[in-house]
Amino acid sequence: MNYLKPTIFLILCLVTFVYSQPSTLTIQGTIFDQHPDYNNNFEPKGGSIKKNLVLKTLGSSKVPTLVSLDPEDDTNEDGRMITPSLFQYFYQTSSKPLTKNSGANVPIPINLVLNYDSKKQVYVYNDQYFFPIDYQGFDVDSKYRTYNNGSGYHNFHFCLKLNTKFTYQGIEDFYFIGDDDVWVFINNKLVVDLGGLHSRETGSVDVTKLGLTKGSTYDFDFFYCERHTTASTIRIETNLQVFCPWYDYCGVCSGDGSTCCNKDTTCNDGKKCTIDACPPPKTVINKAGSKITDADIAPYCSHTDVSCPDPDLCNNNNCDASTGNCKTTPITCSNQDSKCLLAQTCDPKSGCIYKSKCTGVCDTGVCDGGDCVQKSNSTCANELGNNPCMVYSCGKNGCEAKPKCPQNPSTPCDVAYCDAGECKVQHLSASECNCGCDASDLCSKNNCVNNVCVPLPIDGIDDGNACTKDTCVNGNIFHTPINKCSGCMTCNPVSGNCDLSDTVCQDGNECTTNVCESSDSVLGVCTNSTVECGATNTDKCIQFSCNEATGCQQSAVVCPDVGSCLVGYCDSKQGCLTKPRSCDTGVFCLTGECIENAGGCIVYEKRCDADNGRCQQGVCVNNTATEEGYCKSEDYDPLPFICKTGAVVSTAVIAGVTVAGAVALGVFIYGGKRGYDYWKESRNVQFSGSNSNPLYEQNPNGSGVNPLYNDNSAL
């Protein structure tokens, strides 16, 4: 039967290759080229490993944060963080000026390709001579190529960031060895802590001990820095099936757009009063060619006006186009002629203060298109008592009243009188009207009582206004104002008392309350206070403002979002709150998630976990109009040897090899190498090494015999 062994070997290899794990796992990320001139945390004096440099929780920025920014902190000193404030630029793009310790760096996309080790069933990246960006970044310019390891130039100063995800299968672990700083976060928790300037150090994590939920998807974030000559090493071993959840418009996994967009060059609009910014990372950009260019990106850039908030209501703050700086200029309060308002001064809280020009004794205080509305006769009638036997008008001293039925002095015997507003005349006999009254007194009129002259004042002397002193001289009548009221007090024409008049105090600004007040020491003083709009309102979702022309206004409170993933909303009792942004896709096999650095919602294919991750693969079955989606487990075919209980390989097992393997063998035998190569390529078969076949391992169950295990004759 030995003649069958070569054939059996070939068939088993072919079948295993078809269903083996992918031979490589590519992890995409970003390298940030650093230089000691711009960040003195690179190339300091040598150090050693230092734990607890960074916080144990990864924030929404998805980069580590130092525990302390104090350069004299012992941990920072031991970890060779010479200038802790520059740590923020280890894993984030910085387009700072190329000046000493500015933090400037150059972002470069990178792919790490891990190869599958079938014996260990892990993916491995191993490079003990790890210089991935020689002649790139700053080192495009030869003046930066000043560091070497004794045998030649290399770029020794860079930081690597990988922001990925994985769906937990329940069997994962991670192993690392290398230098210098290495931090690994799973589910945003620090699980590998190899900080500091050190030679090769080892770190590992048994993911099954982290309390993760099988089938759930978690973040896997890896951070690595090379900060010192003369060596650079890295080795990763893991069975984590990490994947990239999203790409920026530069094509970088979880990127921020900085590898192909620079806000100062790509997005510069040439205006000093705008803040130029690259598009959000998930922006869909139409490319003119195969490679994205500045010209492609520029239309999607944002240019936000520089904000220059006004310091108060009496000053404007605007951006100076020549400098880009905010410049304050005072407001000019001008007369509002159409409103009959004369500008007086400016109050920082209320704005421009005005005085009405409609304050004359015959002004009503109302302005009509720039003209003061005068008191009408009816207005004066209402003001002075509205006696139907009087005629009312407004004169230079204000409202006045005259008899409706005046006496004619030339006919003293015909006495005029008014009866309920109707003029009548009573004719007197000679004895009643001619009793020796002095005709020379022009301010009196005849009046006889029992043939005795009892003169009466001529009509019109009393104007009915208690605020004037009425006199008659040689028949000339005078109404002199009684100026006994001070400040904003005015005389009441009916009672003659001084009343407080708020009208006098009006300043034409609807945002002030203007009141005439008196105290024991001061009479008639105008007080102006700022209107408190909404003072009694209890609804925290209504906001109030005041317009000096229209007064109090109300509007709904607009609660701002916090970042990209917290949506602002308003609660009438608590005010502004936030809630997580919903990214539900409605499709079972598509997962929606909000990522702060992505600028909002992302969507990626759901990865299903298998019941047994070593022997099965998880498959997602999408929902339909009538059925819900679900995950199912499918056995690997052929089943790996370690997954068979009490498996004994025999010719019967071999005879059960799939038809695909037999067909491949036939093509190989009868078609030669070229025919076989064509068959392989036409099916896009990915081959790993022959040692990926678990049938060449000893039976892990301890029973039965594997005839191909350690049998050199089979090879």
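Each residue, glycine too, has its Cβ placed from N, Cα and C.
The candidates are ASN528, ASN701; Swiss-Prot tags ASN528 with the feature N-linked glycosylation site. Between the stretches 300-325, 326-351, 690-715, Swiss-Prot puts its region 'Disordered' entry on 690-715. Neighbour list (ASN528 (N-linked glycosylation site), Cβ cut-off 8 Å, at least 6 residues apart, same chain): ASP347, SER350, ILE353, CYS505, ASP507, THR512, THR513, ASN514. If you measure from the Cα atom of ASN622 (N-linked glycosylation site) to that of ASN149 (N-linked glycosylation site), you get 55 Å.
Helix, strand and coil content of the domain 'PA14' (115-256), in residues and according to DSSP, is 10 helix, 63 strand, 69 coil.
Across the fold, the C-alpha of ASN149 (N-linked glycosylation site) and the C-alpha of ASN377 (N-linked glycosylation site) stand 106 Å from each other. ASN149 (N-linked glycosylation site) counts 14 other C-beta atoms within 10 Å of its own C-beta, drawing on all protein chains shown. In sequence order, VAL391, TYR392, SER393, CYS394 are the residues near ASN377 (N-linked glycosylation site), counting only same-chain partners six or more apart with C-beta under 8 A.
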